[in-house]
């Protein structure tokens with residue numbers, strides 16, 4: 001049964017008005033809150049790499065379609081354009097809900113008022129409106145032409161889905177491997193479980209073993225605090241040790257598996273014992289001077305020291321059972337200015353990877369080296385600071401050096417668990433909301449084995465406290481802020497990320 005011309009015109013007029021209202025509202029709302037729209041696009045798993053381009057293109061296309069609807073002879077083009085745009089938007093939402101590892105915040109317009117699932121249905125309705133309008137607007141629609149027109153619209157919808165999939169795959173690859181400094185903030189990857197007052201601000205993370213976190217104390221080097229991962233139980237212990245007149249300067253505690261290590265690189269001394277009784281049972285021999293160490297296993301320790309005429313930083317390993325116990329490799333560290341300040345960083349160890357990781361404070365390089373002290377590979381954090389931005393002054397004819405200006409800190413601190421590297425970054429990325437940087441410390445997560453960036457998340461703090469230290473296990477994240485110890489539980493999908501790295 002054919003519809004009368006009047007009914008067709010009425011339906012086409014109504015659909016035109018609906019599209020005009022939709023695209024006008026959507027475009028104007030984006031333009032009125034343009035900065036926030038750009039930030040939200042930057043968090044999209046599909047278009048984040050092209051966020052700046054799309055932030056201008058999308059509202060312009062929407063307003064352009066509105067103009068086409070207002071000119072009667074261009075209405076057929078307007079309906080086709082509406083079908084293409086709504087098909088793209090629908091495919092965009094479907095891919096996010098079906099394939100994306102995370103769902104970003106909304107991107108302005110109508111979406112602000114709807115859930116993603118509701119908006120998917122909303123878009124599908126407007127796709128059907130466009131299809132209906134295209135069929136009704138063709139006055140010479142014969143059976144053969146109906147089939148061709150139907151095929152054409154199927155191709156438009158299918159092509160939109162394929163195009164969005166290509167965007168998604170390319171954006172994911174770029175973010176993981178060639179990131180243009182756009183962070184991927186996931187929704188609530190951690191959940192605060194509990195916070196306790198430690199009583200003092202001199203505690204630091206010494207390590208963990210068997211669902212227990214261990215804290216050392218700078219003011220009392222022989223004092224140990226053991227807490228379960230929920231902070232429900234807390235036990236204090238004292239390391240049994242006789243100093244025998246050794247002139248210790250900076251004693252620190254490390255806990256790895258069932259062992260603990262009492263260390264001071266200025267002496268230099270490393271003592272070892274078991275956490276079951278906190279008694280020293282062994283002194284490691286032929287230990288060189290060092291200023292950082294990381295425990296790989298009971299027989300291999302990573303070291304950083306100052307060697308040579310300029311006392312530049314070098315990295316190496318100490319192997320307890322080897323004849324030549326210490327191996328330093330001056331090729332691991334890459335000096336840019338003085339070899340000391342410009343190469344300062346954090347030394348970490350991964351038992352799973354059987355590798356050491358060295359992360360620079362003032363540039364974006366990550367160096368990974370083996371337990372034999374050989375370079376495995378280098379990678380980078382997602383920021384663009386390749387050269388340390390520091391100024392060094394020399395006093396007393398070059399014998400003493402110091403920073404002559406505040407340095408640009410790139411990576412403030414880090415923690416390594418299995419192959420996931422958690423880095424507190426101090427560099428704001430592209431298209432990021434400045435307010436979050438005032439309220440939180442930003443943690444970037446990398447898979448160092450795959451040399452890829454994964455995602456970022458904030459750790460919020462109050463105005464009076466800052467993130468002093470953090471520690472990561474495969475189920476929890478712990479922070480120290482002043483004298484407050486907090487524990488956060490990882491969401492299930494983040495726990496699964498740890499499981500994936502172990503396969």
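Note that Cβ sites are derived from N, Cα and C of the backbone, with glycine treated the same way.
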102-119, 120-137, 174-191, 192-209 - the one TrEMBL records as transmembrane segment: 120-137
Matching range for TrEMBL feature annotation, transmembrane segment, among 9-31, 78-100: 78-100
Intrachain neighbours beyond the transmembrane segment (78-100), with Cβ under 8 angstroms and 6 or more residues off its ends: 15-16, 19, 23, 44-47, 61-62, 64-65, 68-69, 116-117, 119-120, 123-124, 126-127, 129-131, 133-134, 137, 153, 156-157, 160-161, 163-165, 168
Helix, strand and coil residues within the domain 'Methylamine utilisation protein MauE' (11-135) as assigned by DSSP: 106 helix, 0 strand, 19 coil
